[in-house]
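As written in TrEMBL, here are the features:
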- 26-45: transmembrane segment (TRANSMEM)
- 65-85: transmembrane segment (TRANSMEM)
- 92-114: transmembrane segment (TRANSMEM)
- 172-197: transmembrane segment (TRANSMEM)
- 218-236: transmembrane segment (TRANSMEM)
- 256-276: transmembrane segment (TRANSMEM)
- 302-343: region 'Disordered' (REGION)
- 306-343: compositional bias 'Basic and acidic residues' (COMPBIAS)
- 360-381: transmembrane segment (TRANSMEM)
- 401-418: transmembrane segment (TRANSMEM)
- 430-450: transmembrane segment (TRANSMEM)
- 467-522: domain 'Kazal-like' (DOMAIN)
- 564-584: transmembrane segment (TRANSMEM)
- 605-626: transmembrane segment (TRANSMEM)
Amino acid sequence: MTVRDTTCGIGSFRPKWMQMFANTRWFMVVYTILGIVQSMSWMYTPATTTTLEKRFKTQSQTIGVLMSGNEVSQIFLSLIMAYYGGRGSRPLWMAWGVMFSALSCFIFAVPHMIYGPGREALALTEEYLDPTVLNSTVIVKSEAPLLCVANQTMDATCEQDISSGDQSNVPLFLIFLSQFVLGIGTTMCHALGNTYLDDHVKKTNAPLMFGAVMSLRMVGPVFGMTFTSILLRLYIDPTLTPVITPSDPRWMGAWWLGWLVLGTLMLLCSFLIIWFPGKMPKREKTKEKTTDPEKVLIALEETLSEGEKDTPETELLTKKQESEEKNEKSEKEDESKKSQVRDDDGFLPSLKRLLKNQMLMYNIWSGIFFIIASSGHMTFFTKYSETQYHMSASGASMISGSTRIFAMVVGFMLSGYLMGKYKPKPRVILGYNVFLGVLSISNSIVHIFLRCDDNGLYGLDVNTGKIDIYNDCNMNCACEAVKYQPVCYVEKDMTFYSPCQLGCKTKFLSPNGSLTQFGECSCVPEEITVPFNVNDIQKVPAFLNNTSTVTIMNGPCPVDCTKLLIINGVLGFTISILSSLGRVGSVVVNFRCVEQRDKVFAQGMSLMFASIFAFIPGPIIFGALLDASCLVWNASCGNKGNCWLYHKDRFRLYMDGAAAGERIVDS
């Protein structure tokens, strides 16, 4: 081991003043900052999936496939990088990994740079909207018709959809490429960072250290949610003035802007981490510390000479001396094990040795099923809150995860403390994880029954998914060419598919420019049975066939789900704090059940297994289940796009039922 291996710097540039940072404490600071930025990006991705679906008119299952690009690169590279990276300068490899992560962020924003906000998003801004009352002949520049217009068709918009990226595969390819590049960076950081720390701390302090690092890194999701909430409240093109509010289902936030910020932050982190040495220099014990046992021994001899052999003070001094000697011996043995690593015997023998390690493989497979069960909520947690609790994308990203993140911070800190104090055996840790699995199963089952009722969509048959949008009064409106734009009949608290379904021929702007009200609605029912079903349509006796402006407001009717949101928050907090108690233990088990020479390789292998069997299939499976619960699709040019409206009961049953089933296998 040369001087360069244990000093801070790059190449021959290793100034003396920089060596003050060559210790585990400073590496923990930089590694934690990196973890915060990375976890911000990991939280930002699922929080913007709903916006991506609407912007590029794609399905949830497709989003799941795109997100798997991260895991595809990990499958091909995790073992190789973990094996060779663990035998080189790990901070240098990590710095390159962070640079790849930064590059992935910039690639993710490229689709917006190429295609812009999209035709439909532009159509909902003042700059592209006639500020006067809009009638059937003066609609919106490049906007698909929304009102009652005879003989209207959507065929003319297909070419515009392709040119704006709505029907192009290029944006989807760029998103997949971004995730593929991200996987390269994630592999380097995940496989090398924790093992680098574990190699340079006392064995007894490792659980507490991992608990502290994991807890501090949970600040990242908190920042990420706040960051996401702010950006999703900005319109997709911040330079334009939208005529709709964030609560409107057609709202699209500035999803692309966050990736530019996150990419810049990651570049800064790579600059900080690249200076650390391949191996930390050994600290010399201070003279004061080495003489402590001698002081204890002198005090003990003086006490014994005075004939006080059986006093409490004597026993206390004796125990203190024995404890210090035991700790010193343990430290020496730990350092000896770390310094006397057995010679490497090659890639294939190392892989074979790990595959035969039953404790390691059991822990890996347990984690795989845990990840699959959690992948639905991890990837689609904003969609879950939007669908079940009628929240906006920005509100969902802020509220749905804040309580759980705080719980995870507490759980990681408590887990590290308990692990460091009681030092449970690996089998005890794994047994506790089984207990947590049972609690998670119960939580998923309870969520199936947390239902927030609304009045549904008028004319929709939830069993077949078909919508009856025609009556005698709107038969000439050609409403089948109108896209989903929910409006609320305020007096009856009922949501309709579009203004066209109500026969509305005009719409009005408020003084601030927002689209709020519709007029000349010839098909407003005088009576509505609430709640209703499709059969109730025949019971409506008459329609208001006058030209007066009635209270038909833009957007779906509001629903108050505050109570259920609180219950969901309490359940999520409880389960998150209990689940996070077992995560630190699982990390420590992976480190302790393998030989020192296999530690980094074991991390890479566990990451590869998780990628193949959990991270790739998990989001795809849950995306397909969500698509199966869709009632109203956004169709464009004959192709099925994103889902506008879900069957809420099936949504919960598929999402939480599948999670419960996976956790049964995990337990």
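Numbering starts at 1 and runs along the chain as displayed.
Quick reminder: no glycine exception, Cβ is built from N, Cα and C everywhere.
Nobody curates TrEMBL annotations by hand; they come from automatic prediction.
Through the fold, the transmembrane segment (26-45) approaches residues 67, 91, 98, 101, 105, 182, 186, 189, 193, 196-197, 200, 209, 212-213, 216-221, 223-225, 227-228, 258-259, 262, 265-266, 269, 272-273, 276, 280, 397, 401 of its own chain, all at least 6 residues removed from its boundaries and within a Cβ separation under 8 Å. Looking at 218-236, 256-276, 430-450, 564-584, the range that has the most CB pairs within less than 8 A of the transmembrane segment (92-114) turns out to be 256-276.
Away from its own ends, the transmembrane segment (360-381) comes close to residues 46-47, 49, 60, 63-64, 67, 354, 396, 400-401, 426, 430, 433, 437, 440, 444, 586, 589-590, 593-594, 602, 605-606, 609-610, 613-615, 617-619, 621-623, 625-626, 655, 658-660, 662-663, 665-666 of its chain (Cβ-Cβ under 8 Å, at least six residues beyond either end).
Residues 8-10, 18, 21-22, 26-27, 30-31, 33-34, 37-38, 40-41, 44, 48, 91-92, 94-96, 98-99, 101-106, 108-109, 111-113, 227-228, 231, 234, 236, 238 of the same chain lie 6 or more positions beyond the ends of the transmembrane segment (256-276) yet place their CB under 8 Å from a CB of it.
Residue counts for the domain 'Kazal-like' (467-522) by DSSP state, with H, G and I taken as helix and E and B as strand, are 13 helix, 16 strand, 27 coil.
Taking Cβ pairs closer than 8 Å, the transmembrane segment (605-626) reaches residues 59-65, 67-68, 70-72, 74-75, 78-79, 82, 183, 187, 190-191, 351, 354, 360, 363-365, 367-369, 371-372, 374-376, 379-380, 383, 590, 643, 646, 651, 654-655, 658 in its own chain, all 6 or more past its ends.
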